[in-house]
Amino acid sequence: VSWRGLAAGRASRRLVLVVVFVALLLDNMLLTVVVPIVPTFLYATEYEGANSSAAPAQTETAPPALKAPPFSSMFSYFDNTTVIVLVSTSAAELVNGTERSIPPQPPASIPPSPSSCPDGEEFLAKENTRVGLLFASKALVQLMVNPAVGLLTNRIGYHIPMFIGFVIMFLSTVMFAFSGTYTLLLLARALQGIGSSFSSVAGLGMLASVYLDDFERGNAMGIALGGLALGVLIGAPFGSVMYEFAGKSSPFLVLAFLALLDGALQLCTLQPSKVSPESTKGTPVLTLLQDPYILVAAGALCFSNMGVAMLEPTLPIWMMQTMCSPKWQLGMAFLPASVSYLIGTNLFGILANKIGRWLCSLIGMAVVGISLLCVPLAKTIYGLIVPNSGLGFAIGMVDSSMMPIMGYLVDLRHTSVYGNIYAIADVAFCMGFAIGPSTGGAIARAIGFPWLMVIIGVINIAYAPLCWYLRNPPAKEEKIAILSQECSMQTKSYTAQKTLHDFPLADDSDVEAE
């Protein structure tokens, strides 16, 4: 590659978009790739490990289920010794005075019958909480780091934070591949949160600073969020298939390799050594957080994503309990949601401008709620297709209309510096993914998975009407002059509002005087 080519590349907005797209893609693949892996991995290492330290072969091949006549003949290839060992462990399995069979899945050819379900109901219920915490740890860390990154990008520009994000992500991915205990997984997850925070805040801020036109920015954000969606999309199915057929560390090693490619791409297109502080001083985060319109937008992002966040730790475990699903299905359940999210973000990145972004997000939130209410009605994995695709499509609508609204609100009501506003958008996103899994796991354990879906579904439907307030947010006076030329959304100024309020008062006072 010639230097001239590199220089041209550095000036190109498309390449910036590609870099941000890939960074978000990797981040979210790593986010969801663990979804199907962790519950089964912990189950295999801890529950089965504890119950069968004597029979190490257990997790690999399906052992004879004790007291399960339908299968006893099929597993005749086990030699007696193994069977004797299994009988000896059955004493440890007297949970609540009932003998339990040992959990693994039977070969795929056998139709699932009750005894093919994983055993250890208690363990699975407890695991809800632990898996929830593991998933939430990333978002919790990200919440704490985000505001700092927002400030940092205002000071030194977007390029360095973006690269730092890549380095941390790479380390986290490698750590996932080789960690075998819950504690190490938790650490890797938290580390990922730091990396995520750097790359997503810097990435979205960089896009907003490169694409200045509102319409173009909407499209660019739509494409970048497509990367995020694609990550969420491929992550879970990719994870469950790779884990089933190639072992636990394989999906993470593939991701680590992709991360290296992204790092190389960044070195070519960005200038990770370049310090470019924003020319104007950005509006402080606290001021932005006092803006009710920004809070409504952030809330919509938070609650719509919380739905999926609650599904992630609880759905695979619920499927293990009720549908007796084999490993590869646990991740596949999320496939329809992700495909439709991809369609949703790309379609509404463009459409939202035409029919009004506020309307898009209002309809989106309502559909999210309805879809969540339908999830527990599914009896097989095929029953999950319709509610999950509705969910994905609707969240795509909300995300692709809210992200540009965030940028637009800052342009309209504050100074046009985007580090802080996208830190807030990311915080909203993370709040969903932090509160979702941690409370979701606990609630599912306490009152059951179906009620959990009812709660979050109703919250979404109830929140939807608030999006109406984003229809035409008022501008600050000095901004109106600048924006009136190019702006498509109608704005109304504060002065107009004040005078409107004054007239009725004046009339009333006349009436009183008479």
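Heads up, the Cβ atoms here are built off N, Cα and C, so glycines get one too.
Given the structure is predicted, the values throughout are model-derived calculations rather than measurements.
TrEMBL lists 103-115 with the feature compositional bias 'Pro residues'. Here TrEMBL flags 85-475 as domain 'Major facilitator superfamily (MFS) profile'. Annotation comment: TrEMBL describes 98-117 as region 'Disordered'. Residues annotated as transmembrane segment in TrEMBL: 15-38, 164-188, 194-212, 224-246, 252-272, 293-311, 331-351, 358-378, 390-410, 417-436, 448-470.
Looking at which of 252-272, 293-311, 417-436, 448-470 has the most CB pairs under 8 Å to the transmembrane segment (390-410), the answer is the stretch 293-311. Tallying C-beta pairs under 8 angstroms between the transmembrane segment (417-436) and each of 164-188, 194-212, 331-351 places 194-212 first.
Of the two recorded stretches, the transmembrane segment (224-246) lies close to the transmembrane segment (15-38), with three or more CB pairs under 8 Å once pairs fewer than 6 apart in sequence are set aside. Same-chain neighbours of the transmembrane segment (15-38): 9, 131, 134-135, 138, 162, 165-166, 169, 172-173, 176, 185, 189, 192, 195-196, 199-200, 203-204, 206-207, 210, 220, 223-232, 234-236, 238-240, 243, 248, 251-252, 255, 258-259, 261-262, 265-266, 269-270, 312-313, 316, 327, 330-331, 334, 433, counting only residues six or more beyond its ends whose CB sits under 8 Å from a CB of the stretch. Here the transmembrane segment (331-351) has long-range neighbours at 32, 35-36, 218-219, 221-223, 225-226, 229-230, 232-241, 308, 311-312, 315-316, 319, 325, 360, 381, 384-386, 388-397, 399-401, meaning same-chain residues at least 6 beyond its ends whose C-beta is under 8 angstroms from one of its own. Counting only same-chain residues 6+ beyond the ends of the transmembrane segment (448-470), those with a CB under 8 A from a CB of the stretch are 292-293, 296-297, 299-300, 303-304, 306-307, 310, 314-315, 318, 357-359, 361-363, 365-366, 368-373, 375-376, 405, 436, 440. Two recorded stretches are said to be in contact when at least 3 C-beta pairs lie under 8 angstroms, sequence spacing 6 or more; the transmembrane segment (164-188) and the transmembrane segment (252-272) meet this definition. Listed as Cβ neighbours of the transmembrane segment (293-311) (distance under 8 Å, sequence separation of 6 or more from its ends, same chain) are residues 135, 139, 232, 334, 337, 361, 364-365, 368-369, 371-372, 375, 391-392, 394-395, 398-399, 402, 405-406, 409, 413, 421, 424-425, 427-429, 431-437, 439-440, 452-453, 456-457, 459-460, 463, 466-467, 469-470, 473. Under 8 Å from some Cβ of the transmembrane segment (358-378) lie the Cβ atoms of residues 300, 303-304, 307, 311, 315, 348, 351-352, 384, 386-388, 390-391, 393-398, 400-402, 405, 449-450, 453-454, 456-465, 467-471, all in the same chain and six or more residues away from its ends. Proximity of distant same-chain residues to the transmembrane segment (252-272), defined by a Cβ-Cβ separation under 8 Å and at least 6 residues beyond the stretch ends, is recorded for 1, 6, 9-10, 12, 15-16, 18-19, 22-23, 26, 29-30, 33, 159-160, 162-163, 166-167, 169-170, 173-174, 176-177, 242.
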